[in-house]
């Protein structure tokens, strides 16, 4: 049976400049769904990117009532752990509901949002064919810049031993990656970032 596990976790404050900061969240995906190019991925996104995603999904699926994002309150305080965690929970619930809808799963923007670090402008350009790379290329290229997850390493080793294997990791042609280029994502909630 197909499953998609999504976790929104590890909120971090990022400085844009000396006056402006924002919080981004790690989005971890683990799935066996045929809809996904990568079976395990991890990216960081900020709230305004979630807003962009919801608007684009709604414009493409007019007849579907999309779940709401956590409200953007003027009283949101990024130094208040309760506010940050409440937003994190709301973002996770939003993605969990989105990922249950097969029509929404067919939207390339959703996959680029969840499995690449492309900006909204670059995602739009990719989806509309204005880039030299396809959606699948963008996802594979992003994965090659980040560390492999233990499951993928095992699949890759197994693929080398089995010449007839068509596993995704062994057929991707991606070489070993360098953890120092990692997006800071953890393979499991218990592991620590180096």
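Note that Cβ sites are derived from N, Cα and C of the backbone, with glycine treated the same way.
Automatic prediction, not curation, is the source of TrEMBL annotations.
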If you check TrEMBL, which stretch out of 105-149, 150-194 is marked region 'Disordered'?
150-194
Count the residues of the domain 'PX' (3-120) that DSSP assigns to helix (H, G, I), to strand (E, B) and to coil, and report the three numbers in that order.
45 helix, 30 strand, 43 coil
Average model confidence [pLDDT] within the domain 'PX' (3-120):
93
